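A.B. asks: Here's a structure for you.
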Amino acid sequence: MGGVGFAVSGRRGDDPTQYPGKLTWYVVMTLMAAAMGGLIFGYDIGISGGVTSMAPFLEKFFPSVYHNQMDDTSTNQYCKFDSQILTLFTSSLYLAALVASFFASTMTKKFGRRKSMMFGGLIFLVGAIINAAAVHISMLIIGRVLLGIGVGFANQSVPLYLSEMSPYNYRGTFNVCFQLMITIGILVANLFNYFFAKIEGGWGWRLSLGLAGVPAIIIIISSFFLSDTPNSLVDRGREEEAKTLLKRIRGVENIDAEFNDILAARNDARLVQNPWQNIFKSRCYRPQLVMSILIPFFQQLTGINVIMFYAPVLFKTIGFGSDASLMSAVITGVINVLATCVSIGFADRWGRRTLFLEGGVQMLIFQIAVAALIGAKFGVTGDVTELPKWFAIVVVICICFYVAGFAWSWGPLGWLYPSEIFSLEIRSAGQSVNVAVNMFFTFLVAQVFLGMLCTMKFGLFIFFAFFVVLMTLFCYFFMPETKNIPIEEMTRVWRDHWFWKRFMNDPNDPVNGAIKMNKIEQV
């Protein structure tokens with residue numbers, strides 16, 4: 001297929017040989033279709049908080065929570081919604097996603113990225129149908145578990161697919177599209193919640209939960225038309241098919257340099273018989289392992305899911321009415337989408353580190369501002385009967401700036417960076433570690449947030465701000481830049497880094513030594 005016309009070039013280590021190619025319409029359409037996998041994750045994040053703030057839903061499935069809220073005549077705004085049962089409904093999905101991500105690793109490696117995406121969409125669709133038809137709490141839980149399995153498979157396979165399929169100097173742009181789809185899913189869910197909550201008869205929550213099947217159907221249909229990645233095809237021994245595909249997605253016949261690098265990476269991968277064992281034991285994988293653990297850890301400890309899961313509940317807690325709280329969640333959702341577009345435009349231009357650092361500083365400033373505003377108005381008692389309109393507006397503005405800082409930095413780059421740093425032999429296992437850590441801390445934050453808000457009051461925002469400081473310092477000192485580095489040449493960023501090079505150049509590491517010897521033999 002003809003190319004769009006943008007040149008794609010690259011280096012193989014220090015070899016000046018270029019990767020010729022164009023940004024073809026085929027690869028653009030393929031990557032945009034694959035990025036749709038983010039819709040299912042985003043829609044669920046957005047839908048959960050809205051549904052759990054709908055009185056008919058609570059009355060049917062969580063009557064004790066509903067009656068406690070109705071009977072609560074106190075003015076303490078911090079503790080109105082503290083319920084472990086309710087938060088378990090929201091956060092149980094992420095435990096299922098955590099477990100599923102490890103199975104997804106094996107499936108993604110053995111059967112390819114495309115089939116893993118398709119399977120995730122199918123399971124998510126079944127979960128959405130069960131939730132929409134739920135008549136008992138057990139149906140809700142079963143549905144949530146199936147949704148979690150779908151999310152685990154999609155989050156494991158889609159970022160890998162985008163990183164491997166993209167031309168290296170557009171890798172950031174296309175991978176960030178996964179996060180863009182997450183933000184669009186959140187926004188659409190918030191809009192649905194706003195309108196469905198107004199449906200007479202109180203059955204709007206069924207529509208909110210059931211329409212999760214729409215993004216699942218989108219990813220299923222998309223998967224039928226997608227090709228697998230050249231890297232995955234080579235890894236599974238289908239070299240001629242991979243070479244033909246690489247010519248198609250690069251729009252040129254001369255793809256030998258890139259193809260040979262993929263072959264070399266496959267040969268290195270065959271030296272690693274047990275990727276799960278080696279990723280944890282071998283020192284040469286220590287930098288990537290640390291990143292795959294700390295990046296999702298810090299991403300969740302920014303406090304963003306406090307906003308995204310419980311935006312309607314949070315705004316209601318700080319004095320907004322029901323309609324106003326849902327509309328405020330819609331506003332933050334719009335900001336989330338628009339700010340993610342900034343990352344699409346500049347991740348490959350400014351680099352990952354620049355956006356990580358700027359986003360961290362911006363989030364810190366506005367987290368402290370929100371803490372100061374809520375602390376000044378509610379104090380430590382949380383007792384307030386009426387909030388002035390100006391206060392509500394200022395809080396929403398500060399939260400919007402905070403969301404924007406996350407949306408063009410730690411949101412998209414938290415998925416992009418781990419998906420591009422692993423060498424082929426541990427790539428699928430490494431991505432599973434990333435997803436598992438992400439899902440575990442997503443579950444943890446979702447489960448304990450309302451209790452922490454009741455206990456820590458406005459200090460909760462200071463708690464998250466502390467971790468924003470830590471992660472920004474971590475980025476400054478320990479995160480190498482990965483823009484414009486071909487994915488199969490990524491090990492060189494660790495070998496050149498002032499701190500990580502001690503692990504990469506360890507002659508006593510048997511895996512490192514075997515790979516080095518293999519490279520010498522190939523030369």
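Quick reminder: no glycine exception, Cβ is built from N, Cα and C everywhere.
On a predicted model such as this, the values are computed, not experimentally measured, just so you know.
As annotated by TrEMBL, transmembrane segment applies to 23-43, 85-104, 116-135, 141-162, 174-197, 203-226, 289-313, 325-347, 359-378, 390-411, 432-452, 458-479. The feature domain 'Major facilitator superfamily (MFS) profile' is assigned by TrEMBL to 30-483.
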A.B. asks: Suppose I define contact as three or more CB-CB distances under 8 A, residues 6 or more apart in sequence; do the transmembrane segment (23-43) and the transmembrane segment (203-226) meet it?
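C.D. replies: These two stretches do touch.
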A.B. asks: In the same chain, who gets a Cβ under 8 Å from the transmembrane segment (458-479) while lying at least 6 residues past its ends?
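C.D. replies: Sequence-distant neighbours of the transmembrane segment (458-479): 290-291, 294, 298, 301-303, 306, 352-353, 356-357, 360-361, 363-364, 367-368, 370-371, 374-375, 378, 410, 417, 449, 452, 499-500.
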A.B. asks: Is the transmembrane segment (325-347) close to the transmembrane segment (141-162), in the sense of at least 3 CB pairs under 8 angstroms with a sequence gap of 6 or more?
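C.D. replies: These two segments do not touch.
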A.B. asks: Six or more residues out from either end of the transmembrane segment (359-378), which same-chain residues have a Cβ under 8 Å from its Cβ atoms?
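C.D. replies: Apart from its flanks, the transmembrane segment (359-378) reaches 77-78, 302-303, 318, 384, 387, 391, 394-395, 398-399, 401-402, 404-406, 408-410, 457-462, 464-465, 468-469, 471-472, 475.
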A.B. asks: Tell me if the transmembrane segment (203-226) touches the transmembrane segment (116-135). I count contact as 3 or more CB pairs below 8 A, with pairs 6 or more residues apart.
C.D. replies: yes
A.B. asks: Give me the mean pLDDT over the domain 'Major facilitator superfamily (MFS) profile' (30-483), rounded to a whole number.
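C.D. replies: In the predicted model, the domain 'Major facilitator superfamily (MFS) profile' (30-483) has a mean pLDDT of 85.
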